[in-house]
Amino acid sequence: MAIRKKSTKSPPVLSHEFVLQNHADIVSCVAMVFLLGLMFEITAKASIIFVTLQYNVTLPATEEQATESASLYYYGIKDLATVFFYMLVAIIIHAVIQEYMLDKINRRMHFSKTKHSKFNESGQLSAFYLFACVWGTFILISENYISDPTILWRAYPHNLMTFQMKFFYISQLAYWLHAFPELYFQKTKREDIPRQLVYIGLYLFHIAGAYLLNLNHLGLVLLVLHYFVEFLFHISRLFYFSNEKYQKGFSLWAVLFVLGRLLTLILSVLTVGFGLARAENQKLDFSTGNFNVLAVRIAVLASICITQAFMVWKFINFQLRRWREHSAFQAPAVKKKPTVTKGRSSKKGTENGVNGTLTSNVADSPRNKKEKSS
């Protein structure tokens, strides 16, 4: 996000700058229209599609279960309207966090433009990852996923979801869809847009795939696992911006990143490659939401494996580049040993050295600051 300069003159109404400065208020007014529509009988039927979850089914109580009937949900085309409304909510929450939390910290810390953008990105994502991780863990515990891992593939297709499960997926889709207009609202640099589009697109592809293919149980577990690792990275980057000597969080993140990729592959192969492959019903049936056929299973495993390989390749490539730059920087310091300035040069080499762990950005490290200034 670019640093906004305060001006005494207010921009013209509906101008480019006006929309950027007041986009949260504009979106709030649009969301308020849907909420006000619930108050009138004529518009209530249309507004309720946007605000509440659709496609609920009430199942009668059984002797083994509780005496009360259960209300479950499945997905449909009307979910797009619900996702749109909560996308507006995500934009509003994004603006609130930015204005009342991150901007205040930025004024105190006096970050550079590069750090300002990275700090805002990590601040927003760490808040989202923490919330989604806690929420997802609550669903896993309440629905006994931890005590019985076979629930990941047993009784497939999982076309009926609880309220918490469906609302979780609707919220995930809404959040990552809101990231597209945020690229405009936050004045993202053109060179950063392709990276952001790939980043957002991968999230939407996998979340929507798990939702539409009725693999919501597996998708929930993998999302919680991935969000926890990503939360650790972004919270470590926030601490790094406040104190550049902080590196322990990145070292722990590097270990958990590799473990997270391995667990993702193990759970995916165990669920799709073994659990669903041994299921009795392996016929494609759109009416019941059964996609347990060989072609779909191969496509699911291929997409997961390719994505994990891409993430590991980016991780290894970044680490190798950092270690190569660290070695190249230390080599001249070892060769040059002037007698007069020996103590001074060795001190500079220690200050500018990098320990090889992953930091927030190569441009943000103290060593690169030294190179830029020179």
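Including glycine, each Cβ sits where the backbone N, Cα and C put it.
According to Swiss-Prot, the protein has these features:
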COMPBIAS  334-347  compositional bias 'Basic residues'
COMPBIAS  352-363  compositional bias 'Polar residues'
DOMAIN    117-326  domain 'TLC'
CARBOHYD  N56  N-linked glycosylation site
MOD_RES   S365  phosphoserine
REGION    334-374  region 'Disordered'
TOPO_DOM  1-29  topological domain 'Cytoplasmic'
TOPO_DOM  51-76  topological domain 'Lumenal'
TOPO_DOM  98-121  topological domain 'Cytoplasmic'
TOPO_DOM  143-159  topological domain 'Lumenal'
TOPO_DOM  181-192  topological domain 'Cytoplasmic'
TOPO_DOM  236-251  topological domain 'Cytoplasmic'
TOPO_DOM  273-297  topological domain 'Lumenal'
TOPO_DOM  319-374  topological domain 'Cytoplasmic'
TRANSMEM  30-50  transmembrane segment
TRANSMEM  77-97  transmembrane segment
TRANSMEM  122-142  transmembrane segment
TRANSMEM  160-180  transmembrane segment
TRANSMEM  193-213  transmembrane segment
TRANSMEM  215-235  transmembrane segment
TRANSMEM  252-272  transmembrane segment
TRANSMEM  298-318  transmembrane segment
Contact between the transmembrane segment (252-272) and the transmembrane segment (298-318) (at least 3 Cβ pairs under 8 Å, separation 6+): yes
Tertiary contacts of the transmembrane segment (30-50), as residues 6+ beyond its ends and Cβ separation under 8 Å: 78, 81-82, 84-85, 88-89, 92
The topological domain 'Cytoplasmic' (98-121) [mean pLDDT, rounded to integer]: 86
The topological domain 'Lumenal' (143-159): DSSP-derived helix, strand, coil residue counts: 4 helix, 0 strand, 13 coil
Other CB atoms within 10 A, centred on N56 (N-linked glycosylation site): 14
Selection from 77-97, 122-142, 193-213, the stretch that has most Cβ pairs under 8 A to the transmembrane segment (160-180): 77-97
Secondary structure content of the topological domain 'Lumenal' (273-297), with strand meaning DSSP E or B: 10 helix, 2 strand, 13 coil
DSSP helix/strand/coil residue counts for the topological domain 'Cytoplasmic' (181-192): 8 helix, 0 strand, 4 coil
For the topological domain 'Cytoplasmic' (236-251), residues assigned helix / strand / coil by DSSP: 11 helix, 0 strand, 5 coil
Contacting positions for the topological domain 'Lumenal' (273-297) when only residues 6+ beyond its ends and CB under 8 Å are counted: 74, 150, 152-154, 156-157, 159, 213-214
